[in-house]
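Copied from TrEMBL, the annotated features are:
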type	residues	note
ACT_SITE	74	active site, proton donor
BINDING	72, 100, 103	Zn(2+) binding site
DOMAIN	7-133	domain 'CMP/dCMP-type deaminase'
């Protein structure tokens, strides 16, 4: 009997979901994973600039209905690539929620060739036009919750 391995798309989306649990946003927890050649090169979640107040602690800082304190997960992941010298040209991104227009433009400029997402979120028609123009593949995936039943959380007993 052979063990069935988790499909790559679900594997990477589960990683994005786990990263989203670090979000400091009250409104929506988003996670993103940048992948090149089936290797994770960066991850990000939506939250404040390092060292600034978190929305979870201080509430959202809203201007014109948008929280200006929050950096989106996709941007945090791409910025992590820049900080640590990882090229994004030709990479893919797995994100829990469809990117907003600004993140879509940023991903296109970063050379992302495929966007895989779990949930629709305010899909902008202009974003779709740009994705078509740049021939970026877009794919929605579902994650089978049954995959989590295969995880073992057993801890080895240690003697003291």
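Along the chain as shown, the residues are counted starting at 1.
Using the three backbone atoms N, Cα and C, a Cβ is placed for every residue, glycine included.
Sequence features, as recorded in TrEMBL, placed on the structure.
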residue : record                    : CB count, 10 Å
72      : Zn(2+) binding site       : 23
74      : active site, proton donor : 27
100     : Zn(2+) binding site       : 19
103     : Zn(2+) binding site       : 23
Residue 100 (Zn(2+) binding site) to residue 74 (active site, proton donor) - Cα separation in whole Å: 10
Helix, strand or coil at residue 103 (Zn(2+) binding site) [DSSP, three-state]: helix
Cβ-centroid neighbours of Zn(2+) site 72, 100, 103, 8 Å, sequence order: 73, 74, 75, 99, 101, 102, 104, 106
Secondary structure tally of the domain 'CMP/dCMP-type deaminase' (7-133) (DSSP, helix then strand then coil): 46 helix, 31 strand, 50 coil
Averaged pLDDT, computed only over the residues in the domain 'CMP/dCMP-type deaminase' (7-133): 93
